[in-house]
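Student: Have a look at this one.
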Amino acid sequence: MTLRVGVLGARGRMGLEVCKAVDAAPDLELVAMIDQGDVLFSASDNHAEVLVDFTTPDVVMDNLRWAIERGISAVVGTTGFTDDRLAQVRAWLAEKPEVGVLIAPNFGIAAVLMMQFAAKAARYFESAEIIEQHHPRKLDAPSGTATRTAQLIAAAREEAGLAPMPDATKEEVDGARGASINGVRVHAVRAAGLLAHQEVIFGTDGELLTIRHDSLDRVSFMPGVLLAVRNVQKHPGLTIGIDSLLD
Ligand SMILES: NC(=O)C1=CN([C@@H]2O[C@H](COP(=O)(O)OP(=O)(O)OC[C@H]3O[C@@H](n4cnc5c(N)ncnc54)[C@H](OP(=O)(O)O)[C@@H]3O)[C@@H](O)[C@H]2O)C=CC1
Ligand SMILES: O=C(O)C1=N[C@H](C(=O)O)C[C@H](O)C1
C-alpha cells in the first residue's frame with residue numbers, strides 16, 4: 001500500500017524538489033501537484049491522504065483550513081507561523097482530532113541540530129545574536145529558522161535566569177542592530193549566490209562560540225520532509241518541528 005501525497009506550491013523551488021522526492025519514494029504516490037491558479041479540489045478528488053505545503057505565508061492558512069476540514073493531514077514548510085496562527089490551527093484541529101499537522105521551520109537535519117545546539121549553549125553566554133543569510137527571492141525576513149532559533153535561545157535564557165544581554169549601543173539608523181525577537185537580535189542578509197545559511201554567535205568574557213549551518217542544495221530538506229510525510233498521520237494534532245520524529 002502506498003501513501004497518497006499531494007503537493008501545494010508544486011511549481012515552486014521547494015515544491016518541485018518535494019514532487020521529485022515523493023515520486024522517487026517507492027512507498028509514496030504523488031497524486032496531486034497544485035500551484036497558484038490550480039484547483040485545490042483535485043487534491044481531494046485524487047484522494048490525497050497527506051498534503052505537503054511549500055507555498056507562501058499569504059496563502060498557507062487557507063490551504064491548511066481546507067485540508068483539515070476534509071480530514072487530510074498536512075506537512076507544512078511554509079514560513080510565517082506566528083503564535084496567533086498556531087492557535088488558529090489548533091482550534092481547527094480540535095474539530096478534527098484524527099488529523100495531524102506538522103509545521104517545521106526547517107526540515108534539514110543539520111539545521112535541526114544547529115537549533116538544538118544553540119538552545120543547549122544559550123544558558124552559558126551573556127550574549128547571543130543570529131545572522132541568517134538567504135537567496136534574494138525569499139519573501140520573508142527574518143527566516144522561520146532564525147525566528148525559531150531566537151525563541152529557543154530566549155526560552156533557555158529565561159529558564160536559566162539570565163539578565164538581559166549587555167548592549168549600550170544607540171541605533172543611529174533604524175534597523176542597524178537588526179530585529180529583536182524575544183530580546184535576541186536577528187540580522188537578515190539577502191544576496192545572490194546564497195541559498196539558506198545561519199550563524200548563531202554566543203559571547204561571554206574572553207570567549208566566543210559560533211554555530212553555523214549551511215543548506216547548499218534544496219535536496220538537504222528532503223529526508224526531513226519525507227520523514228514527516230510518512231509519520232504525520234500517526235501524530236494527530238499539531239506538531240512543531242521534526243525533532244520528535246528524530247528521537
Ligand atoms: N521548512 C523548510 O525546511 C523550508 C521552508 N521554506 C519555505 O517554503 C516556502 C516556499 O519557498 P520556495 O519554494 O522557495 O518559494 P517559491 O516562491 O519558489 O514557491 C512557492 C510556490 O507556491 C505557489 N503558490 C502561491 N499561491 C499558491 C496557492 N494558493 N496554492 C498553491 N500554490 C501557490 C507559488 O506560485 P507563484 O510563484 O505563481 O506565486 C510558487 O510556485 C517559503 O515560506 C520558504 O520560507 C523553504 C525552504 C525550506
Ligand atoms: O525560503 C527559504 O529558502 C528557506 N526558508 C526557511 C526559513 O525561512 O527558515 C528554511 C530555510 O532557511 C530556507
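Just so you know, glycine gets a Cβ as well, placed from its N, Cα and C.
Caution: TrEMBL annotation is automatic and unverified by curators.
Features from TrEMBL:
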- His134: active site, proton donor/acceptor (ACT_SITE)
- Lys138: active site, proton donor (ACT_SITE)
- Gly9, Ala10, Arg11, Gly12, Arg13, Met14, Asp35, Gly77, Thr78, Thr79, Ala104, Pro105, Asn106, Phe107: NAD(+) binding site (BINDING)
- His135, Gly144, Thr145: (S)-2,3,4,5-tetrahydrodipicolinate binding site (BINDING)
- 4-107: domain 'Dihydrodipicolinate reductase N-terminal' (DOMAIN)
- 111-245: domain 'Dihydrodipicolinate reductase C-terminal' (DOMAIN)
Student: Quick check for you: of the recorded positions His134, His135, Lys138, Thr145, which have their Cα within 10 Å of the Cα of Thr78 (NAD(+) binding site)?
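Tutor: Correct set: empty; none qualify.
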Student: Would you identify which of the recorded positions His134, His135 has the most other C-beta atoms lying within 10 angstroms of its C-beta?
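Tutor: Ranked by Cβ atoms within 10 Å, first place goes to His134.
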Student: Taking helix as H, G and I and strand as E and B in DSSP, count the residues of the domain 'Dihydrodipicolinate reductase C-terminal' (111-245) in helix, strand and coil.
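Tutor: Taking each residue of the domain 'Dihydrodipicolinate reductase C-terminal' (111-245) in turn, the totals are 51 helix, 40 strand, 44 coil.
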Student: Of all the Cα pairs drawn from Gly9, Ala10, Arg11, Gly12, Arg13, Met14, Asp35, Gly77, Thr78, Thr79, Ala104, Pro105, Asn106, Phe107, the residues the record ties to NAD(+), which distance is largest, in Å?
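Tutor: So the maximum pairwise Cα distance among the NAD(+) binders is 21 Å.
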Student: With an 8 Å cut-off on Cβ-Cβ distance and a minimum sequence separation of at least 6, pull the same-chain contacts of Lys138 (active site, proton donor), or say none.
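Tutor: Once residues fewer than 6 apart are set aside, Lys138 (active site, proton donor) is near Arg190.
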Student: Give the subset of the recorded positions Asp35, Asn106, Lys138, Gly144, Thr145 lying near ligand 2, defined as CB under 6 A from any of its atoms.
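Tutor: Correct list: Asn106, Lys138, Gly144, Thr145.
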Student: What subset of the recorded positions His134, His135, Gly144 lies within 10 angstroms of Asn106 (NAD(+) binding site) at the C-alpha level?
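Tutor: The recorded positions close to Asn106 (NAD(+) binding site) (Cα within 10 Å), listed in sequence order, are Gly144.
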Student: Under 6 Å from ligand 1 by C-beta, which of these recorded positions make it: Ala104, Asn106, His134? Sequence order, please.
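Tutor: Near the molecule: Ala104, Asn106.
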Student: Within the domain 'Dihydrodipicolinate reductase N-terminal' (4-107), count helix residues (DSSP H, G, I), strand residues (E, B) and coil residues, in that order.
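Tutor: Going by DSSP assignments, the domain 'Dihydrodipicolinate reductase N-terminal' (4-107) contains 39 helix, 24 strand, 41 coil.
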